[in-house]
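Here the structure comes first, spelled out in structure tokens, and everything after it is commentary.
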Amino acid sequence: MQKGAKIEDEGRQSRIQSRNFIIQRSDPRTRGSSVYSSRSSSYNVRSSISPGVYQQLSSSGITDFKGNREKEKREMQNLNERLASYIEKVHFLDAQVKKLEAENEALRNRKVEDLQPIRDAYENELRQARKVIDELASSKGVAEGKLAGLQDEIGSLRELIVTYESQAKDYRKKIDSLGNQLGEFEGELQSLRLRVGSLEDENAKLRELLEKVQEQNRRLRADLDTETAAHIEADCLAQTKTEEAEFYRDLLDQLELLKPEPIQIKGMDYADFWKSELAKCVREINLAYDEKIDLIQQDCEAKYASQINQLRSGNVKDGMQLQHSQEEVKKLRGQLQDKNAAYAELATRIASLQAERDELARQLADIERELEEQKLKYNRDVGDLESELTSVLAQLQHLMDAKMSLELEIACYKKLLEGEESRVGLRTLVEQAIGTQSKGSASLKDAIQSSS
């Protein structure tokens, strides 16, 4: 290859010729004289100008001269820099031309070597590369099949995740509805408790009223018993007084029978007198006693009648109130029993709803845990598959690059061996072949090592 490059370089000759640049600079003294002459001429011209105008023109001329001088210096510096860079470039190109001429001469003097071992080596490497490519293609097919299966599994897992999420949403809605229903039941239970408390307060008030009525009835009965005893005592007293009066009558009758014969006083009847006086006294006593007994009897009868009437009216009223209170108590007891039964039923319902809510929460937690596990497993599988796919694609790209470099190298060697190359661009092909040889051999070596 080097000999071919030398032969190609012989057909080309360097057309770059060395160039010489001469920079002439005037002497400062001559420049000063020229400036002096220009100044003298300008002085002769300006001598006819007034002093103020001359001063203005001289200051503007000095400013223009300084500006032109600075501009010329910058231009000269730029030209010097460009010249120095151009000279360096010319020296570099001359050295490169000499180097290329030396390489061309070395390639001309080099003998043609046998390229058959190189061809065999590259064909062997190419066969190995093709074998590796076929193996990787088969493994790629297996990996693609496995990837398709995993993608199907991922799709099924996604559908399962969607199903679990929908079920979780349904469970959440059901839990929310049960929570709302439970709140309604708790509110109703609280209202029932308040109603039961108010009914218990009313029942306590009615009990107090009933106790007061019963106490009043007991007092009235005690008063009735007292009045009855007093009436009986008065009856007994009246009976006693009546018997006493009868006794006194009998006694008087007996006294009349047993009295001695009255002394007859002439002109005066003492028996009739005492009899009439005694009868008069007895009548007065009987009248006074009867009046007193009648008054006592009337008073007792009136008092007893009024008390009896009061007791009767009070008993009727108390009986009606007592009956009404008993009916109200029975009604309240029935309502309390109904509320207690409803409270027990609501407590049972709340307990069952809480148990159902706990069960649904547990099922939801299990489903969420399974969903998280499935997600983690899915993410791990996807990460593993992506890493595996990335490595397979990298190996495939590596092998494709190696294959392309080997094909280019083989094409170059075929052209060299078959003698179809032209002199124009031969050195470029040789350099490309040398570069791709090293790159292709290194890539093929890495691919074989990684596949093995």
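Glycine is no exception: its Cβ is also placed from the backbone N, Cα and C atoms.
Feature list (source: Swiss-Prot):
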type	residues	note
REGION	1-50	region 'Disordered'
REGION	1-75	region 'Head'
REGION	122-259	region 'Coil 1B'
MOD_RES	S156	sulfoserine
REGION	260-278	region 'Linker 12'
REGION	279-424	region 'Coil 2'
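Confidence over the region 'Linker 12' (260-278), given as mean pLDDT on the 0 to 100 scale, stands at 56. Over all protein chains present, the Cβ of S156 (sulfoserine) has 10 other Cβ atoms lying within 10 Å. For the region 'Coil 1B' (122-259), DSSP puts the residue distribution at 137 helix, 0 strand, 1 coil. DSSP assignment over the region 'Coil 2' (279-424) gives 140 helix, 0 strand, 6 coil.
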